[in-house]
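**Student:** Just lifted these from Swiss-Prot, have a look:
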- E105: substrate binding site (BINDING)
- K323: N6-(pyridoxal phosphate)lysine (MOD_RES)
- 480-501: region 'Disordered' (REGION)
- 490-501: compositional bias 'Polar residues' (COMPBIAS)
Amino acid sequence: MFTLPQKDFRAPTTCLGPTCMQDLGSSHGEDLEGECSRKLDQKLPELRGVGDPAMISSDTSYLSSRGRMIKWFWDSAEEGYRTYHMDEYDEDKNPSGIINLGTSENKLCFDLLSWRLSQRDMQRVEPSLLQYADWRGHLFLREEVAKFLSFYCKSPVPLRPENVVVLNGGASLFSALATVLCEAGEAFLIPTPYYGAITQHVCLYGNIRLAYVYLDSEVTGLDTRPFQLTVEKLEMALREAHSEGVKVKGLILISPQNPLGDVYSPEELQEYLVFAKRHRLHVIVDEVYMLSVFEKSVGYRSVLSLERLPDPQRTHVMWATSKDFGMSGLRFGTLYTENQDVATAVASLCRYHGLSGLVQYQMAQLLRDRDWINQVYLPENHARLKAAHTYVSEELRALGIPFLSRGAGFFIWVDLRKYLPKGTFEEEMLLWRRFLDNKVLLSFGKAFECKEPGWFRFVFSDQVHRLCLGMQRVQQVLAGKSQVAEDPRPSQSQEPSDQRR
C-alpha cells in the first residue's frame, strides 16, 4: 500500500500565491454576494442543533411528531452525505464523482487492518458466539476492553470489566446515555463548535436538548488559544439555560475535540469536572480519537489517567474503534462508568444496540494483540496521518488560507471567512453548495453550531490521489473557476507531483 511520504509534499504549481489572494478574494466575494442577495428571499434550508425540537416541522401526516423530526434530520442534515453516496468518486468507474473530505473516517490503513482481520485467530465460530449473551457484552471482551483502556488511558489503577458495557458504536452510546440520564426536554451543555451528529444521537430517541457553550475564534481576556473552553464560559451557558427554563443534567466533552482538534490538558479536565460536580452534572467524555494523536509534542491525557475523579459516579467515558482503528463500518463502541445503575440501564438498551458474538470475538482478539498495535499499527497510522496533515496544511498555506494547526484527529478547522462578503450563514451555505457542485464534499461550520460563519472542516485522513484531487477542486471554487477536475494520474503513478495539471 502507498504511504503518504512527507518529503514528497509540495504546494501545487497551480496554487495561487499570496500576491493573487486579494484579487481572488475580491472577485469571488462579489460573485458570492450577488448570488446570495438573489437567493435571500428563497429561505435556504437551515441546519440547526436541537435548541428546540419543536422548531422542526414536516408536512407528512403518516408520521408521529417524533417520526417527523427524525425524517427532518434525514431530509436536511444528511443532504451532502446522501448526495455523495449517489455520485461517489471512483478513480476507474467515476473519476468525476464527489471526493469526500467531509466525513471523518480514517482511510489510510486499510492494508494493515485487512491483513490483521483476516488472520486465522480471527476466524472462530462456537455455540456461545451464536447465542444471546450478557447484554453488557461477553465477559471475555469486557475483560480485554478493561485491560486495553487501562494501558492506553494510563489509568493509575486497573480498570474493571464490570464497569464496561459494549455497544454497536459511539452513536448508540450517546443515544443510550442521553436516554438514561435525562428526562425528555432536559439538556446537556456542549461546547461549540462540536461534532454535529451528537444532535441526532441525543435527540432522536430521548428528545434531549443541547445547551450551547459558544466559543470564539478571537483570543480575548485570559484565553490563550482560539475557541478555548473555560469554566467561566461553562458557568455563563448554564445560567443562560436556567434563565430560559431549561434543566441541564450534564456536560459533553470531546477530547481530542472534533472539529477543532484541541486536546484538553489534565488541569483543564480537572477544572471542568470540578465545575460539573459543583452543579451535580453528569459528564460524558468522548475519547474516540485518543489513539489518533500523531504529533509527539501534543501531550494527550485521558480523563481515566487522572489520579482522582471529582465525581466518579457521574463521569462516563466513551471510546470506539471507528476512528482510531479506521473501522467505522464494524460498529464497536464501549462505555466505562463506575456507576452501576447507569451501566445496567445502558446495558438494557443493548437489546437494540448490541454486537454479534462473532464481532465481539474479533474485537477481543484485536484489542489483546498489543504487539501488533504498538509495533505495527500505531506507528504506521501516526506516520500516515502526519504526512496527510502536512500535505493539506501546505496546500492551505499556498492559498493563503488560515487554519487551526493541531496534531490530533483527522481534520483541519479552516477559516474561509474572507470568501463571505457579508459574513452570513446564507453565504456559508452557498459556498458549501459550490464545493459540492464542484464535486468535493466538505463540512460547513453551521453543522457544528459554530457561531461565526465561514469556518469549514477539511478531513485529511485519505489516500494521496483523492486528497490531491479534492484540494484541486477546492482551489477551483475559491478561484471562481468551478469545474469538475478529474484524476489526471498516469495509471501507474502514485506521486503527488504527477497528479496535477
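Each Cβ is built from the backbone N, Cα and C atoms, and glycine gets one as well.
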**Student:** For the recorded positions E105, K323, which Cβ has the most other Cβ atoms within 10 Å, all shown protein chains included?
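**Tutor:** Ranked by Cβ atoms within 10 Å, first place goes to K323.
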**Student:** Could you measure between the residue listed as 'substrate binding site' and K323 (N6-(pyridoxal phosphate)lysine) for me? Cα positions, answer in whole angstrom.
**Tutor:** 6
**Student:** Where does E105 (substrate binding site) sit in the DSSP three-state scheme?
**Tutor:** coil
